[in-house]
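Right, one structure below, let's go through it.
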């Protein structure tokens with residue numbers, strides 16, 4: 001890692017910069033999936049307790065984002081997609097990012113334990129550690145499997161939400177985890193297909209950098225095939241139902257078809273049209289998880305099997 005203390009910019013940060021430090025776009029998916037996991041769990045939760053629990057899970061997700069920005073300031077500075085973030089742009093110092101991350105980590109875990117239960121709080125603490133240390137500090141710069149293993153951090157929130165309600169883990173929460181876990185690699189690899197040069201310049205060993213785009217295309221399609229059974233299986237559990245299953249069938253058919261298109265594309269074709277198919281698949285992947293969890297929520301309201 002480069003010297004993170006080099007990113008010390010002037011004290012010109014506004015409130016929005018500190019919000020950006022928490023990666024609000026990423027946090028929005030964390031909040032939503034955690035809420036769904038909590039709300040569809042078999043044990044009812046007081047709405048105020050549910051609100052507090054989701055709020056503290058969101059703070060934990062924000063803490064992870066701040067710690068990630070603290071450590072990754074050097075590579076963020078050389079990537080077009082991330083150069084404008086608060087730390088590499090100099091609006092927030094690296095010490096401030098670290099302090100915010102540590103403070104929110106402690107606060108979120110403590111308050112979740114008091115609001116819900118200590119099993120869920122411990123799970124949140126593990127998730128923050130996994131994202132900040134296992135993924136950000138260890139995996140991201142050391143292996144092309146970084147987002148495969150590290151993707152677990154983004155898949156834990158619905159399990160944490162479920163644990164807030166039940167105090168434990170169920171097959172339903174494990175399948176929600178699996179849905180996000182196996183969705184993460186094709187989502188990020190699709191991005192890496194048209195952002196390869198950025199990752200290469202930053203020294204991040206994404207699969208496109210270490211093994212090339214052809215191998216990455218094969219992996220994307222393979223993961224769409226692995227993902228589909230877990231997504232569909234969820235439809236036959238206590239939280240599933242015909243509405244969710246119908247949505248999942250359509251989404252997985254589109255996802256597999258998109259993966260097949262990517263697999264069959266040559267690099268010359270992709271470069272000729274500016275990676276149009278790859279960018280379209282990436283946009284589809286953004287809706288894939290959100291619509292699955294929205295379908296679970298609606299299915300819960302209308303009733304399942």
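The backbone N, Cα and C atoms fix where each Cβ goes, and this holds for glycine too.
Feature annotation from Swiss-Prot assigns transmembrane segment to 26-46, 47-67, 98-118, 119-139, 147-167, 174-194, 220-240, 243-263, 284-304.
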Cβ pairs under 8 Å between the transmembrane segment (147-167) and the transmembrane segment (98-118), at least three: yes
Selected stretch (most C-beta pairs under 8 A with the transmembrane segment (47-67)) from 98-118, 174-194, 220-240, 284-304: 98-118
Distal contacts, the transmembrane segment (284-304) - CB-CB under 8 A, six or more residues away: 29, 32-33, 36, 39-40, 158, 176, 179-180, 183, 186-187, 190, 231, 234, 238-241, 243-244, 247-248, 251, 254-255, 258
Intrachain residues whose Cβ lies under 8 Å of the transmembrane segment (174-194), provided they are six or more past its termini: 33, 36-37, 147-148, 151-152, 154-156, 158-159, 162, 206-209, 213, 216-217, 219-220, 223-224, 226-227, 230-231, 233-234, 237, 255, 259, 262, 270, 274-275, 278-279, 281-282, 285-286, 288-289, 292-293, 296
Same-chain residues near the transmembrane segment (243-263), Cβ under 8 Å, at least 6 residues beyond its ends: 186, 190, 193, 217-218, 220-221, 223-225, 227-228, 231-232, 234-236, 277-278, 280-281, 284-285, 287-288, 291-292, 295-296, 298-299, 302
